[in-house]
């Protein structure tokens, strides 16, 4: 916790008053989620979980994360266009990971048929922690890059206002004025609007591809409303709607219910559980279409953990981004240690090292959505089981990052108000649009800070572990 909050964090009466104000402010500002009991109904809602106080973030690391985001946009786009790199990198993974293999089959099928899509839209979020390591000097370390359904750009656009009010209530008006403006919803909508415009049909709609269970609808509505404000029509559909109502014409234009679709913005489709045979067919139909997919399947594959690990290998960035030495240096400066578990001597050695000292590492499968990583004894048990099996190639190993904990209050509906030791994760949203070979938009679009109690090793806000936060730069 920043020294600025030390005087209030232990003042029980001040904290109780501030928490009551904070909850009402969150409801007023629209920092909302549907309830677990009624996840598809908006007539009963509650505030999304958030911290009582903004969390201290080192200014230099915050600025470093923003400065490298356009480079990461460039890199993700380059990976998505490099068939040879994706084929080589994922060769071992697709033998043992059915989900990645299924995505890869669609990717190859669409390429062999010839891409109908000419405009490409990337919305990603690069996530970092502040590693204090042995020396105690904090360093920015990338956890992962999310290339599909990167969430909370909407709700985090509204969270800073709540924290501003809380600080004022606690007598800290000057600190309140130092909280940065932040509106990822606007930045993400700008990218979608640009892709819609380049698609070139005023009548065409933007389709949000959404989950069957939609607790986090208000986060999406923030972006949706920005598009309506630009007079861009938005429809919300699920995979099964695409299967039942979707069709392509002779030019491979996508139609839903007779409406042409310009952009498909995925907020679904990143975990195996959502796909049955009908949904795989729907995904193939979408990928074959001319519509701008965000992400297209190549960009989803570019976000796999195996690609992340391969990017850290010496010489890989130079091949993917020739002529960009400064960008490569900025990207590489954020990498944590990443290790391959492919079959062979190198993989054997890394697996043995992790089994001997599991607390040094995180074991990551090729999955998005939080709550999938393995730590400590669980990591050791899984690696012991699969160390001599090809199955281990569906994972990568990463150095465990050791951030400095700080005290805060995590406000959750129906939970007691108590102080917790917490750690934070900073995400920077990036958006880019490419038409043919030309990058027409490339920018950072805002930030997301999520904070959780130190007893939780893994999991984000949607997974019910982390809560929304606001950075206070120190």
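Here the Cβ of each residue, glycine as well, is placed from N, Cα and C on the backbone.
Feature annotation from TrEMBL assigns substrate binding site to 125, 148-151, 214-216, 220, 267-270, 450, 461-462. According to TrEMBL, the Mg(2+) binding site annotation covers 144, 146, 368. The feature ATP binding site is assigned by TrEMBL to 144, 305, 364-373, 375, 398-401, 425, 452, 458. According to TrEMBL, the domain 'Glutathione synthase substrate-binding' annotation covers 204-302.
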Binding-site residues near residue 125 (substrate binding site), in sequence order, restricted to 144, 146, 365, 400, 452 and a 10 Å Cα cut-off: 144, 146
Residue, out of the binding-site residues 270, 375, whose Cβ gathers the largest set of other Cβ atoms within 10 Å: 270
Residue 400 (ATP binding site) CB neighbourhood, other CB atoms within 10 A: 18
The domain 'Glutathione synthase substrate-binding' (204-302): DSSP-derived helix, strand, coil residue counts: 41 helix, 26 strand, 32 coil
Residue 368 (Mg(2+) binding site) and residue 270 (substrate binding site), Cα-Cα, nearest whole angstrom: 6
Shortest C-alpha distance to residue 375 (ATP binding site) - which of the binding-site residues 144, 149, 215, 220, 461: 144
Euclidean distance between Cα atoms of residue 365 (ATP binding site) and residue 220 (substrate binding site), Å: 27
Minimum Cα separation from residue 365 (ATP binding site), reported as the residue among binding-site residues 146, 215, 268, 461 that achieves it: 146
Residue from 144, 368, 400, 452 whose C-alpha is spatially nearest that of residue 151 (substrate binding site), among the binding-site residues: 368
Number of Cβ atoms other than its own within 10 Å, given for residue 125 (substrate binding site): 25
Residue 144 (Mg(2+) binding site) versus binding-site residues 215, 268, 400, 452 - nearest by Cα: 400
Nonlocal neighbours by CB distance (under 8 Å) for residue 461 (substrate binding site), same chain, sequence gap 6 or more: 48, 49, 151, 152, 450, 467, 468
